[in-house]
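What TrEMBL records for G63, D65, S67, E81 is Ca(2+) 1 binding site. Positions annotated as substrate binding site by TrEMBL: P144. Taken from TrEMBL, the feature heme b binding site applies to H174. According to TrEMBL, the feature Ca(2+) 2 binding site maps to T175, D223, D231. The disulfide bond annotation in TrEMBL covers C101-C298, C181-C213. What TrEMBL lists as domain 'Plant heme peroxidase family profile' is 63-302. Here TrEMBL flags 1-28 as signal peptide.
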Amino acid sequence: MRTSTASSLDLFFVTIFVLGTVISVCNGGGHGAGESKKNGGYHGAGLKMNFYHKTCPKVEEIGCDASLLLDPKSKEADKVEKEARPNLSLLEKDCPETVSCADIVALAARDAVSFQYNRDIWKVQTGRRDGRVSLESEATDNLPSASSNFTTLQQLFARKGLNVIDLVALSGAHTIGIARCGVISRRLFNFTGKGDTDPSLDPSYANILKSQCSNTGNIVEMDPKSSISFDSHYFKNLNQHKGLFQSDASLLTNFFSARLVKKLQNGNKFFAMFGKSIKKMGAMEVLTGNDGEIRKQCSVINP
């Protein structure tokens, strides 16, 4: 794996794991001014399984741990994985200028979720190219807020070619991760501007969150008691009106979506549906073929 800065990449998930991040697919760096979609398009043309089987056949054996992307927190901090002598070359040594940063992150996201089960939860098609343009506006235009209602979520997903099944399944990514209290502060303390709490939130859960969120900078689990395990627990909590965000709770306001939430409480059904939807999302708006580049260093475009 080549050296890179995690914050500079379009992380495939979430990573993570907020609904807004989920819809912002890892497309290799964005399609800002001057970027072409003609080869990748919206349907993942050019992506396929085992894309590197000739040019870098051991790409997945060499390593794809996202922790390797992390930079040190400060000059005084302990050295991170990428600074270890055995890691100074890694993938770039074996397969120079061959594997894109976009594909590395896509593979790392799959592995980060799948490792606890010792099997791939979904298959990753490869062949992405890295983009040369990164625009803040592309994120703000496409990312729904944590307070989004169902109509807003459905419209934003539809714009990307994703349906309600995809919306519900991918929302299950909230089974992992944390959020800052500032994101849910209004929902807890001033929902309608009268110092009230969102009535759709389970009262006992709301009280727990209030005690944890005395400061907006505090953090809370997105899936209480299961925030480090990728499982269907999120849907069980949601059906008990314990979804952390308004966007989570909104999934229960639509008849079809609410039925899916109940169905996905079954772990096997969730994994199967999530795998299909994440594969579909992973093929959205990608750069392939002659578009983009293969970055030598993931944090900067090639000179």
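Note that Cβ sites are derived from N, Cα and C of the backbone, with glycine treated the same way.
Take the mean position of the Cβ atoms of T175, D223, D231, the recorded Ca(2+) 2 site; other residues of that chain with a Cβ within 8 Å of it are G172, H174, I176, S226, S227, S229, F230, S232, H233, Y234. Non-local contacts of D223 (Ca(2+) 2 binding site) by the CB criterion (under 8 A, 6+ apart in sequence, same chain) comprise H174, T175, I176, G177, H233, Y234, N237, L244. Sparsest Cβ environment among the recorded positions P144, C181 (other Cβ atoms counted within 10 Å): C181. Note on the domain 'Plant heme peroxidase family profile' (63-302): its mean pLDDT in the predicted model is 88. Taking the C-alpha atom of C298 (disulfide bond) as reference, the shortest distance to any of the recorded positions P144, C181, C213, D231 belongs to P144. All chains included, 29 other C-beta atoms sit within 10 angstroms of the C-beta of C101 (disulfide bond). A distance of 32 Å separates the Cα atom of C101 (disulfide bond) from that of C181 (disulfide bond).
Around the Cβ of D231 (Ca(2+) 2 binding site), a 10 Å sphere holds 17 further Cβ atoms from the protein chains shown. Counting only same-chain residues at least 6 apart in sequence, those with a Cβ under 8 Å from the Cβ of C213 (disulfide bond) are C181, I184, S185, L188, V220.
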